[in-house]
Amino acid sequence: PYEKIGAELVKEVAKKTDDVAGDGTTTATVLAQALVKEGLRNVAAGANPLSLKRGIEKAVEKVTETLLKSAKEVETKEQIAATAAISAGDQSIGDLIAEAMDKVGNEGVITVEESNTFGL
């Protein structure tokens, strides 16, 4: 029964990550799986589940704080292109995304559709 709860938790983490950030579901899933695995191992070894939960919550707060401190605003077209290129693994896609964002502005919407036509 615990494995099913863990699987549901991991699934929910991936969904929430996708809803909030639109990216990072693989990282979130790997972290959630590790937390569930190690959490179950610690509880089986006699750890107090509530203490474990509080420890995880404190760790999440600290990690969030650290990430927010190191976060950088992405403002220029060049920064957008560089960030998008890293995410896509392709500089030309990064440039294309930066160009699209430059045209629609910060509040604009960009829709990406899959095409069956190669090269278009």
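Yeah, the Cβs are placed from backbone N, Cα and C, and that goes for glycine too.
Here is what Swiss-Prot records for this protein:
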type	residues	note
BINDING	ASP23, GLY24, THR25, THR26, THR27	ATP binding site
Which residues, same chain and not among ASP23, GLY24, THR25, THR26, THR27, have a CB within 8 angstroms of the centroid of the CB atoms at the recorded ATP site?
ALA14, THR17, ASP18, ALA21, ALA28, THR29
Can you tell which of ASP23, GLY24, THR25 has the most other C-beta atoms within 10 Å, given these are the binding-site residues?
THR25
For THR27 (ATP binding site), list the number of other Cβ atoms lying within 10 Å of its Cβ atom.
12
